[in-house]
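Annotation source Swiss-Prot lists transmembrane segment at 2-22, 60-80, 130-150, 173-193, 246-266, 278-298, 374-394, 412-432, 483-503, 525-545.
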């Protein structure tokens, strides 16, 4: 029965992807029906904020994005610092420590949601609503806006205006879908209130304080926007965030909704629907391989415990919620790291070595399917690399969407693809070389190395999940992961927008018999091979020293 439920969940991922992709294309390309519904409200926003409707250059677009995001980071930072004297604080929570506020503000603006605090006792309701939830809408809207400009550039069109795209992302995508999802979560038992904690009497007569809050609205955008931060410290393992299997499946659907839709949006916007389908199918195969690997490992249990003859019918149950079970916990772990969300319904630090390797590889690749917008930019980056390598092998100038891929584009892509592993491995080396970093490690040996690398991989990939055995709420970890999140977020977005702007200016080369097609199975295979060779092998030495070595020692 459990496998039937898994297959149905997978089919739901597939069935909603194309319709959502079509809707996104219409939402950003000026559908008359949608303009009638949302247009008046959007024009009012533009009038109040003074936004002028004109096409921006890639530099203007990128600058607008960075300045708006930077302003939001500063505002939310001060909300966190001053929450102790601000209203909507029934628990009388004090202001955040400076480095923790720095880390948290960047974390949520970068769509990472790395949390070095526990939500129920670290933030007031005002901070949760105006700080956290606000950024949970703004962060994915930023990258969804950028990916639309990116695709327009690839299609040879004007990039558009960041402020207009940003507003449309909020009004036409995130607000309506999150509102409907929140209502469903309330129906499934997720609380939604501004009242303080409830005092309950336990069976043995003791009193217990049960915390609650505006959880349903929080969870809806947390999953839809690939944010992942928890209202409670336990995240989606907490019964108030994720009461049962129905809410669990809905959360996974929301996480996958936009990342899986973007290949179809791309195909329609560039006039090559088959290429969009090939990208979707290729990535789904990689996703499926990851799910099979982690599930097999978790169901086989811990080798050390198996050797002792301990029952393992349910597999490795350490760190897992009984109401979800091993299989759906494995699926959730695959989804949350493939879609770069970071929400967890099981503790990743307790996964088996090979089970923990899958989420780690998903984040290192940062492209299966990746988070809202940012992940798709990485997908196209790998697609261009695949075309470039194929062109070199046959001695032909590579072309992508009829545009020649030349030195300028490849230099930008080369810098972008190198920057991700440099952030992860460089900061991991720094943490391991000083007691400021190593003092936070709770496990010695191979698992301790994985804890450190996982933290920086999660930060660089804007995922936010963690091996929570790491004691990371220290100035060193707050500052270094904050820097990694900021650089990992904005560097690749800006460089790839420059690539799209460069391709926009090029004339389309007529297709000939010798043109390498990017809308067939051959390209799909080369695309997957490129992801594995260029992406996975970059981190292979670290994976050998971490989860693979741990697995071999347990064996």
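Residue 1 is the first one shown; counting continues down the chain.
Each Cβ is built from the backbone N, Cα and C atoms, and glycine gets one as well.
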Stretch among 130-150, 173-193, 246-266, 374-394 sharing the most Cβ pairs under 8 Å with the transmembrane segment (412-432): 374-394
Selected stretch (most C-beta pairs under 8 A with the transmembrane segment (130-150)) from 60-80, 173-193, 246-266, 374-394, 525-545: 60-80
Stretch among 173-193, 246-266, 525-545 sharing the most Cβ pairs under 8 Å with the transmembrane segment (374-394): 525-545
